[in-house]
Amino acid sequence: MKGGNYTSLGTYSGINAGGNVAVAGKMSLGKSIKMYLTIFILTTCIYMALYQYHISREPFAASEVVKPPLYIITPTYRRPEQLAELTRLGYTLKHVVNLLWLVIEDANKTNPLVGHTLDRIGVPYEYMVAPMPEKYKQTKKAKPRGVSNRNRGLEYLREHATEGVLYFADDDNTYDISIFEQMRYISKVAMWPVGLVTKTGVSSPIIQAGKLVGYYDGWIGGRKYPVDMAGFAVSVKFLKERPNAQMPFKPGYEEDGFLRSLAPLDDAEIELLADECRDILTWHTQTKKNAPAQALNRTRYKNTNLEHIDRLLVRP
Ligand code: UGA
Ligand code: MN
């Protein structure tokens, strides 16, 4: 667009100048210089005015439009894979504009290694801690993983956010960035399929004739909303209209409990993303657990790079 205007204006002034050169031949040198200057200044002024007008009328480039903010709540915890997981997720999020990444660690204090990793990635973030209550840590049964972290994230949003959308993104999952652009504009709650969940291979709302008629998941477990954490998003305004909404410390029922706490919510109000749930844009990937790195032999490797690398290893 801009290039086109440059060319046509340039050609126009060229013709003008050429036409006047012939006339100038019969005039005195002084007069012709004056005329040249006048034409030059006039053309420049007209060009500048037209260009200003063009700029003022031009719609914002897509990247300049202020989109509703996305708040991505990511629970994380200390383990050998932690920095690798955060790095992979972080660089996915780096493709998404107007996003605040709330990284919340299940710990009593922050870890500078995590802070450095987040700084290096360069996605706007807040790094907070929210330890799992002791009574759940001690249990031999299933633990409510990431729940205090996510509730801390909700608390942050109630205090700091007014608009936009929140999404719980576990640090180990896989996300196609198009889902972020789709969830940005929802009014209350949206859902979509998540791959690699249970024996069905996918957990998804069931849609018939454009309507939500049920849920497909290898484990229903009496849940009203048998969906995976990676398969729904909630608008911040809607969350704030539900001051008591939070996630229960109930293994297996975290999503269900949280979504129920958003009541009243009509099924017809649940927006269906990812091509009306015909596509898979998020996956519940799981990483192989790595044994903690063995201790470095400090005598043998004294004054080598290994002393530096060793400081980058996250040991439980
Ligand atoms: C599945 C679901 O995808 C989770 O959303 C759900 O919270 C979890 O089950 C559950 O019901 O307990 P899964 O892959 O089995 O997830 O669990 P993890 O990926 O190990 O943990 C979920 C999130 O919590 C991760 O972001 C992880 O970093 C975090 N987490 C895990 C903690 O903060 N503390 C822990 O002790 C364990
Ligand atoms: Mn996981």
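The first residue you see is number 1, and the count goes up from there.
Placed from the backbone N, Cα and C atoms, the Cβ positions cover glycine too.
TrEMBL labels come from automatic prediction, so no person has curated them.
The feature transmembrane segment is assigned by TrEMBL to 35-53.
Taken from TrEMBL, the feature Mn(2+) binding site covers D172. Around the Cβ of D172 (Mn(2+) binding site), 18 further Cβ atoms fall within 10 Å across all displayed protein chains.
The active site, proton donor/acceptor feature in TrEMBL is assigned to E255. Sequence-distant contacts of E255 (active site, proton donor/acceptor), defined by Cβ-Cβ distance under 8 angstroms and a gap of at least six in the same chain, are R223, Y225, V227, D228, M229, G231, F232. E255 (active site, proton donor/acceptor) falls within a helix when secondary structure is assigned with DSSP.
In this chain, no residue six or more apart from Q294 (site 'Interaction with galactose moiety of substrate glycoprotein') has a CB-CB distance below 8 Å. If you look up TrEMBL, you'll see Q294 marked as site 'Interaction with galactose moiety of substrate glycoprotein'.
Taking D172, E255, Q294 as the candidate recorded positions, the subset whose CB lies under 6 angstroms from any atom of ligand 2 consists of D172.
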